[in-house]
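Structure record follows, encoded as structure tokens.
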């Protein structure tokens, strides 16, 4: 679910900040880029988000050096992680008002899936916060987002270093499975606590004649990874070949 955000690494088209590709040029969907004010805003947004995820990365390293252990590092970066991941909700607005030519639906799913994992699982089930699986997806997200927002920033400035482009379309090969593994293991670790506490579940009878089993809902989310992960992963592999091979061909003609 949250891992679906990684598809942003391969389906982007436009002006910076949108999860499905803010910052990448699109001749097919938008021949003109955003105006100067919009570009300035998107550059600022992406710079701030890059800096935010760098703060998270530095926080992880400092906590590890201070403790001498990678266990329970989540607590050292909990606040900035929640703040900057929740801040990505603005990317839905960017798509909705048209300053980024990406799908509102797709971007909403991608952003909300991560926000869900942060707030409805990791925040709500305190017992999982010390799990190593949380650190696994946090590290994967952190590296991914630093690269992604840097990519968008430089693209908006029309000065994209090849190294950043290469990293964006290459490191997902490791980071995507790493993030998926961390997400699934975290949800799995939360299941017994959710079931025991009846967290977010609604039982009958009630005046609305409606029931909801959050435990079963989390299981369905985990099952959804089975068809989604290989489909998205191999699509991204295909996109990598196409984009990087095009870059290499372009270099030959320069």
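Glycine residues also receive a Cβ, built from the backbone N, Cα and C atoms like all the rest.
Features of the protein shown, as given by Swiss-Prot:
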- 176: active site (ACT_SITE)
- 183: active site (ACT_SITE)
- 1-11: compositional bias 'Low complexity' (COMPBIAS)
- 209: N-linked glycosylation site (CARBOHYD)
- 2: N-acetylalanine (MOD_RES)
- 1-33: region 'Disordered' (REGION)
- 198-214: region 'May be involved in interaction with TECR' (REGION)
- 2-41: topological domain 'Cytoplasmic' (TOPO_DOM)
- 61-79: topological domain 'Lumenal' (TOPO_DOM)
- 98-107: topological domain 'Cytoplasmic' (TOPO_DOM)
- 126-130: topological domain 'Lumenal' (TOPO_DOM)
- 147-169: topological domain 'Cytoplasmic' (TOPO_DOM)
- 188-217: topological domain 'Lumenal' (TOPO_DOM)
- 236-254: topological domain 'Cytoplasmic' (TOPO_DOM)
- 42-60: transmembrane segment (TRANSMEM)
- 80-97: transmembrane segment (TRANSMEM)
- 108-125: transmembrane segment (TRANSMEM)
- 131-146: transmembrane segment (TRANSMEM)
- 170-187: transmembrane segment (TRANSMEM)
- 218-235: transmembrane segment (TRANSMEM)
*Cβ contacts under 8 Å made by the topological domain 'Lumenal' (188-217) with residues that lie 6+ beyond its boundaries*: 120-121, 124-125, 127-128, 131, 133
*asked:* Cβ under 8 Å, sequence separation of at least 6 from the ends of the transmembrane segment (42-60): give me the contacting residues as numbers and ranges.
replied: 15-17, 22-23, 34, 73, 76-77, 80-81, 83-84, 87-88, 90, 94, 99-100, 135, 138-139, 142-143, 145-146, 149-150, 152-153, 156-157
*What is the one among the recorded positions 176, 183, 209 whose Cβ has the most other Cβ atoms less than or equal to 10 Å away?*
183
*In the topological domain 'Cytoplasmic' (147-169), how many residues does DSSP put in helix, strand and coil?*
17 helix, 0 strand, 6 coil
*Can you tell me how far the Cα of residue 209 (N-linked glycosylation site) sits from the Cα of residue 183 (active site), in Å?*
33
*For the transmembrane segment (170-187) and the transmembrane segment (218-235), check the count of CB pairs under 8 Å (sequence separation 6 or more) and say whether it reaches 3 or more.*
yes
*Rounded inter-Cα distance in Å - residue 183 (active site), residue 176 (active site)*: 11
*What is the number of residues in the topological domain 'Lumenal' (61-79) that are helix, strand and coil, as DSSP sees it?*
13 helix, 0 strand, 6 coil
*Determine how many residues of the topological domain 'Cytoplasmic' (98-107) DSSP places in helix, in strand and in coil.*
4 helix, 0 strand, 6 coil
*Using DSSP reduced to three states, classify residue 176 (active site) as helix, strand or coil.*
helix
*In terms of DSSP three-state secondary structure, what is the assignment for the residue listed as 'N-linked glycosylation site'?*
coil
